[in-house]
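Engineer: Okay, so TrEMBL annotates it like this:
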type: DOMAIN; residues: 3-140; note: domain 'Nucleoside diphosphate kinase-like'
type: BINDING; residues: Lys11, Phe59, Arg87, Thr93, Arg104, Asn114; note: ATP binding site
type: ACT_SITE; residues: His117; note: active site, pros-phosphohistidine intermediate
Amino acid sequence: MAIERTLSIIKPDGLKKHVIGKIISRFEEKGLTPVAIRLQQLSQKEAEGFYAVHSARGFFKDLVAFMISGPVVLMVLEGENAVLANRDLMGATDPKKAEKGTIRADFADSIDANTVHGSDSLENAKNEIAYFFRETETQKY
Ligand code: UDP
């Protein structure tokens with residue numbers, strides 16, 4: 001199995017619900033180690049750039065507005081098969097369809113406010129990590 005890195009974001013609803021710790025515990029318990037963490041208020045430009053792939057979709061404007069409605073937690077998670085392992089922990093995009101015990105099933109209210117983002121491929125993970133973090137901001141322990 002390969003050691004990978006993936007980008008995780010705890011979205012504004014997760015912060016407003018005060019479940020940062022619970023979510024990070026789930027990552028750590030499954031061997032996903034945060035090697036960089038930052039609390040940040042995204043600007044509109046940053047959120048639009050991050051979700052540029054969705055810019056033609058009907059939900060884009062609302063998605064950007066939601067992502068800047070409060071601060072987020074940006075994290076680089078490292079571990080075996082981190083990209084897929086994180087997606088498994090997150091659950092389906094729509095929390096109503098997410099499996100019991102996943103982060104979205106347990107904490108998310110709706111497809112718009114779905115508590116976490118996670119890179120969906122290794123290639124996207126590399127680009128998304130580089131969008132927010134310099135290599136020197138990641139730590140080894
Ligand atoms: N999204 C939405 N409405 C939709 C589909 C997606 O609001 O019908 C939002 C949702 O917050 C999702 C994000 O857009 O997390 C990115 O969509 P994607 O399909 O990449 O889902 P994800 O990878 O986050 O599960």
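Positions of Cβ are set from backbone N, Cα and C atoms, glycine also.
Since we're looking at a predicted model, the values are computed, not measured.
Any idea what these are sitting next to in the structure?
Structural biologist: For the domain 'Nucleoside diphosphate kinase-like' (3-140), DSSP puts the residue distribution at 61 helix, 28 strand, 49 coil.
When Cβ atoms from all protein chains are considered, those within 10 Å of His117 (active site, pros-phosphohistidine intermediate) total 19, not counting its own.
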Engineer: Select, from Lys11, Phe59, Arg87, Thr93, Asn114, each of the binding-site residues with a Cβ positioned under 6 A from at least one atom of ligand 1; if none does, say none.
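Structural biologist: If the test is a Cβ under 6 Å from any atom of ligand 1, the answer is Phe59, Thr93, Asn114.
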Engineer: I need the CA-to-CA distance for Arg104 (ATP binding site) versus His117 (active site, pros-phosphohistidine intermediate), whole Å please.
Structural biologist: 10
